[in-house]
Amino acid sequence: MAGAIIENMSTKKLCIVGGILLVFQIIAFLVGGLIAPGPTTAVSYLSVKCVDARKNHHKTKWLMPWGPNQCDKIRDIEEAIPREIEANDIVFSVHIPLPSMEMSPWFQFMLFILQLDIAFKLNNQIRENAEVSMDVSLAYRDDAFAEWTEMAHERVPRKLKCTFTSPKTPEHEGRYYECDVLPFMEIGSVAHKFYLLNIRLPVNEKKKINVGIGEIKDIRLVGIHQNGGFTKVWFAMKTFLTPSIFIIMVWYWRRITMMSRPPVLLEKVIFALGISMTFINIPVEWFSIGFDWTWMLLFGDIRQGIFYAMLLSFWIIFCGEHMMDQHERNHIAGYWKQVGPIAVGSFCLFIFDMCERGVQLTNPFYSIWTTDVGTELAMAFIIVAGICLCLYFLFLCFMVFQVFRNISGKQSSLPAMSKVRRLHYEGLIFRFKFLMLITLACAAMTVIFFIVSQVTEGHWKWGGVTVQVNSAFFTGIYGMWNLYVFALMFLYAPSHKNYGEDQSNGEIFLSFSAGVCCLFISYNHGALRHGCCK
């Protein structure tokens with residue numbers, strides 16, 4: 001009995017399969033580059049300064065920046081002085097989206113960053129380690145004339161990191177500080193049409209609240225959300241790929257269960273990789289169009305983490321199962337040194353994500369980076385995960401080197417084999433090297449397209465054709481890893497072809513993935529004997 005399909009497939013058929021997969025890969029890139037719009041859109045908002053002259057500010061009153069019920073506004077802070085308007089009476093109001101527009105569930109998420117316009121004043125300079133404290137209320141409604149419903153109300157502290165490049169002299173008063181943008185808000189769903197932000201900067205000199213933060217002239221927000229057109233293309237891809245991977249996964253496992261032997265470790269890992277790919281493909285995001293599921297971003301991160309952990313584990317076990325002289329084979333315990341860093345790194349990133357997006361489920365204004373303790377904790381998790389990743393790649397490179405060294409040594413014994421057997425194993429060695437190169441090519445394409453998407457403007461224009469580079473990166477890389485998993489389950493499924501010279505009375509010939517080392521299992525009064533091909 002022969003081993004995997006890849007071991008019995010002719011070079012012509014293998015090239016045909018590779019050509020078909022390449023066509024689908026090109027289609028995946030073209031779908032994102034030519035059909036889908038850019039993945040995200042950034043919208044700038046300038047807050048409107050409203051006046052809330054009520055004595056009791058604790059009672060909720062929503063101040064609209066424009067419209068039939070717009071608030072009493074002031075143009076700038078200087079206008080408040082002659083009108084005897086105190087700082088506690090000023091509310092910075094932002095309506096989302098801009099006038100004559102609506103938000104949509106197809107936008108999937110909203111991410112906002114904050115930019116403060118702070119003017120330099122000799123008698124009101126920004127102190128060292130200054131912190132601005134904002135009283136923020138968020139509301140929503142689905143009808144332009146309906147009442148606002150409160151969604152969140154939090155006290156939001158943010159540390160100021162500002163520099164003043166000019167000399168601090170009277171003639172430079174009124175110039176603005178150069179301040180870093182601040183993380184402000186993130187919501188994992190866009191279930192409503194209209195949102196309203198009311199931001200107060202309460203001043204309390206006794207408690208040192210908002211003292212020594214300079215003269216804040218304006219508050220600007222930049223909102224980032226996913227494009228609805230890209231969301232539809234993304235959902236369509238997931239809907240198409242889910243049954244494709246699921247069907248090949250069921251077919252793969254069915255062929256394994258038809259074997260008279262139990263599945264080996266490599267086959268189990270490939271099946272687990274298929275399960276993780278199916279898990280990430282299942283388009284549960286369709287439900288976010290009709291339900292307010294704010295946890296979808298966190299759920300998506302968890303699904304990606306499971307897939308990447310399985311992919312990294314597969315590469316280690318794939319190499320380990322082809323090391324001819326390794327005794328601890330076909331047992332996951334033999335790879336604890338290599339898989340251990342994957343588990344530790346994945347756990348650290350999971351804890352970091354729970355500390356960030358997990359808390360944002362109840363407080364959309366929370367950010368772990370806004371406090372010194374949170375920043376140190378986040379950096380600790382990221383550094384530990386980075387160290388684990390480096391250790392993993394060291395182990396992986398060492399194992400790949402060992403496999404190729406063992407293959408090179410084994411090639412010296414090929415002339416002593418019969419012609420049929422020699423040609424068979426020469427093909428196996430070639431295919432193993434070919435698959436390793438394909439794996440490296442997939443990893444390299446992921447890195448290259450990521451770098452290109454970061455350094456380009458987001459789209460290229462060739463004549464009258466506009467190519468969305470960022471969208472092509474997302475759809476192309478996503479399709480590439482699906483095709484990679486598909487090819488693994490197809491090519492490494494057990495083959496039903498038999499070789500007459502490889503069978504003897506009561507003896508089963510089982511060649512592993514690359515087939516370099518053979519495992520002979522002979523039934524002799526219930527005993528098992530193992531040997532290597534010569």
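Placed from the backbone N, Cα and C atoms, the Cβ positions cover glycine too.
Just so you know, TrEMBL annotations are computer predictions that nobody has curated.
Here TrEMBL flags 48-226 as domain 'Wntless GOLD'.
Residues annotated as domain 'Wntless-like transmembrane' in TrEMBL: 227-496.
The transmembrane segment annotation in TrEMBL covers 233-253 (among others).
What TrEMBL records for 265-284 (among others) is transmembrane segment. Note on the transmembrane segment (265-284): residues 235, 238-239, 241-242, 245-246, 248-249, 252-253, 256, 296, 299, 303-304, 306-307, 309-311, 313-314, 317-318, 321, 329-332, 481-482, 485, 488-489, 492, 494, 512-513 of its chain, located 6 or more positions outside it, place their CB under 8 angstroms from a CB of the stretch.
Under the heading transmembrane segment, TrEMBL lists 296-318 (among others).
The transmembrane segment feature in TrEMBL is assigned to 339-359 (among others).
According to TrEMBL, the feature transmembrane segment maps to 379-407 (among others).
Annotated transmembrane segment per TrEMBL: 428-452 (among others), in sequence order.
Taken from TrEMBL, the feature transmembrane segment applies to 472-493 (among others).
What TrEMBL records for 505-523 (among others) is transmembrane segment.
Long-range Cβ contacts of the transmembrane segment (472-493) within its own chain (Cβ-Cβ under 8 Å, at least 6 residues beyond either end) map to 4-6, 9, 17, 21, 24-25, 27-33, 36, 39, 230, 233-234, 237, 241, 244-245, 248-249, 251-252, 255-256, 266-267, 270-271, 273-274, 277, 281, 307, 311, 435, 438-439, 442, 445-446, 449-450, 452-453, 513.
In this chain, the transmembrane segment (379-407) lies apart from the transmembrane segment (233-253): fewer than three C-beta pairs between them fall below 8 angstroms, excluding pairs fewer than 6 positions apart. Only residues 6 or more beyond the boundaries of the transmembrane segment (339-359), in the same chain, are considered here, and those with a CB under 8 A from a CB of the stretch are 186, 188, 297-298, 301-302, 305, 308-309, 312-313, 316, 332, 366-368, 374, 377-378, 381-382, 384-389, 391-392, 395.
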